[in-house]
Amino acid sequence: MRYIGINVNTGKDVEGRLLKKIVEAIEDNCKDVEVKIYKDSIGLEKKETENLEVVIVLGGDGTILKASKYLAKYNVPILGINIGNLGFLTETESSNFIFSIRNYFKGKYYIEERNMVQCTTEYKGIKKEFHGLNDIVVTKGDVGKTAKYDLYIDGNFYTKLSSDGVIVSTSTGSTAYSLSAGGPIIYPTLDALCLTPICGHSLRIRSIVLNHKSIIKIISQSENVILTVDGEEINFLENVKEFLITSSPYKCKLIKLEGEHRDYYSILRNKLYL
């Protein structure tokens, strides 16, 4: 018996028509199969997820980002089928799903691993860990006030920063918030972390690309800080000042189909209007 998961963004496949067609395509290509359906990533956090050989994600990059933090933990690969705008992470378009499902079951694919980022902090005496595929963002909680941060890299003092916040992105996340804040584009499979200030008050402070083994410590001088992981606000953290950011021990595994893999540079050109 093969166990296949489907995670659908119900805001994009509102009536479930694509979901139904994909279930039918799976059953047409594999007779001894059980399909588990998840809506908006609910349930992916459960331990039974580790029994799935793959999760087909119906949605966009945001849907994959949300699912990845659960699936990476259980070492389950993702096959992304895009609904809506062109994305960096989805592998194929919804109009081509029959070909994609057929190729998967024929074994015509390979798995591309993407580094993830981890943030460790302590909140109310409890150690907390968060994992993201794109980025970890530390921003000020007090609107209108200047925030100051002390930045350390591998135990060495790097700089004292006055800014609206700090982004630590993976190579995958370099084309997201980090790019908007002036960071560089990094090829997504490179093992790297990128530290980018948000609206730094000095033009001398720029992004820095680091080895993926680097340990970044952010110490906030503000009492109220907002921690955001892959665009999802974790909490309004009162009296939390220290954040330790490293590469995550988990990897996001993306399925790339033979004969269908999209050229990264064409996606980059279309997304960024180059």
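Note: Cβ is positioned from N, Cα and C throughout, glycine not excepted.
The active site, proton acceptor annotation in Swiss-Prot covers ASP61. Neighbour list (ASP61 (active site, proton acceptor), Cβ cut-off 8 Å, at least 6 residues apart, same chain): GLY87, PHE88, LEU89, THR90.
The annotation NAD(+) binding site is assigned in Swiss-Prot to ASP61, GLY62, LYS66, ASN134, ASP135, LYS145, ASP164, THR175, ALA176, TYR177, SER178, LEU179, SER180. The number of other Cβ atoms within 10 Å of the Cβ belonging to SER178 (NAD(+) binding site), over all protein chains shown, comes to 25.
Packing around ASP164 (NAD(+) binding site) is summarised by its Cβ count: 16 other Cβ atoms lie within 10 angstroms of its Cβ, all protein chains included. A C-beta separation below 8 Å, combined with a sequence spacing of at least six in one chain, links LYS66 (NAD(+) binding site) to ASP40, SER41, ASP230, GLU232. Its Cβ taken as reference, ASP135 (NAD(+) binding site) is surrounded by 27 other Cβ atoms within 10 Å in the chains shown.
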